[in-house]
Amino acid sequence: MEDKAVKSDLVLILDYGSQYTHLITRRIRSLSVFSLCISGTSPLKSITDLNPSVVILSGGPHSVHTHDSPSFPSGFVEWAESNGVFVLGICYGLQLIMQRLGGEVKIGEKQEYGRMEIEVEKACGFFGTKKVGDKQVVWMSHGDEVAKLPDGFQAVARSQQGLVAAVENPLRKFYGLQYHPEVTHTPEGMETLRYFLFDVCGVTAGWNMENVLDEEIEVIKGTVKPEEHVICALSGGVDSTVAATLVHKAIGDRLHCVFVDNGLLRYKERERVMETFERDLHLPVTCIDASEKFLSELKGVTDPETKRKIIGKEFICVFDAFARELEHKLGNRPAYLVQGTLYPDVIESCPPPGSGRSHSHTIKSHHNVGGLPKDMKLKLIEPLKLLFKDEVRQLGRILDVPEAFLKRHPFPGPGLAVRVLGDVTQGNALDVLRQADEIFIQSIKDAGLYDLIWQAFVVFLPVRTVGVQGDQRTHSHVVALRAVTSEDGMTADWYYFDHKFLIDVSQKICNNVRGVNRVVLDITSKPPSTIEWE
């Protein structure tokens, strides 16, 4: 599903750095309308080439008063008006429209953060189904305020403090909301977005996973020539499994799957995954044990980004060697590598607008986005790169991937390297982590909680604490339990376990994993933390 393959009814999000930007994309897709998110400072050609029906300018942490505040490109307004494209500004996006089109935005005397009540002033535009005087609760997050509207614009709603909450200029097809309709704290936000897209903009709903499957198969067939072969890196997770199944459906036996044991897998992961591949998925998979090479390269490395880069490089070395073996066997060297890159991977691996770079803040380099060497010989096929995790699971069901596989918790590409803080080769850290993690995950399954949790795992901390075990003083390791709920991995809340469950898990780990005398629980959401610790 390539960006350029979208022909019509695309809602394009220009990202100015709001923590909620990805939610706009998801909310619109949930209405069966295709939506993409690109940098708010993208060149005009990047926008026009996508041929969107609607462009949404996201919120962001910036002020339009600063000299380096990010903005849409020169010529954007003229292009939108001449092509009948609807433009919606949200929060910072609204203020950007106001300032650039001749209005005035000033530093607010009355800042508005959190829940706020607004009142409809004109029953039109966003509020075509409302009556003047109707009120609703919304989520505000702004310090600047609109002091003067550009010519032709009218305020259609105001906050309880009398500030502009919604504006429109139907003639020019420019609209703005000072609040965030995409968050759940705005109860009527989805209704507002739905009415705006379908009734105001006339967008047609018709995007679904069946269409994505058919389109992606055609893209793969058009990319891979009849005589070419493809390698797929299988991790045992949902993403790579669905990607492999999809590509196999497109090109059949010209797909060659490889599972690499890099020494950073979970407890008995290699045996369990290979058995599942053979029994349930019927995919031809070659298993390569490269654990010694990976761990030797990681010895002494403590920086998380460096660990990711090393692992990405070593994976490609393994794939290149596998490609050479296939070339000798088939007489034809594979040209492509399939990866299960998802849309959140792409979003999180891009830098922030207003930083001198572009797009949303770089949270980390993903193994399948920022961790690969620039000189790799294989070209990438990433059939899932525009999908969120729940959409990938929908696609997997259409492809008849077993439900048990689709419900597996996400596992990071660098594996346990990002769950052992610091040097992964220190002592027996990996073995300790595997045992503790197995106890935690099995306890979650036994309690019937596995499907309620987005992701759960144990983290090995590079600290020792004093304890008493068997009437003896110990100086042993600490492990942390992490479990979160989420819809897409972009934001997450920590899972609230029953106290008895936590007591049982802590006792099991301390009694059965030699070298651990303390268990702690991570109760941090995302943001401010990421899900993984590194």
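Using N, Cα and C of the backbone, Cβ positions are placed for all residues, glycine too.
Note that the structure is predicted; figures quoted are calculated from it, not measured.
Taking Cβ-Cβ distances under 8 Å and a sequence gap of 6 or more within the same chain, the neighbours of G236 (ATP binding site) are F259, E269, R272, V273, T276, R408, F411. Annotation source TrEMBL lists ATP binding site at S235, G236, G237, V238, D239, S240, T241.
Annotation source TrEMBL lists domain 'GMPS ATP-PPase' at 207-408.
Sitting within 8 Å of the Cβ centre of S235, G236, G237, V238, D239, S240, T241, and not among those site residues for ATP, are the Cβ atoms of L234, V242, A243, G340, R408, F411. The Cβ of S240 (ATP binding site) lies under 8 Å from the Cβ of C232, A233, L234, V338, Q339, G340, each of these being in the same chain and 6 or more residues away along the sequence.
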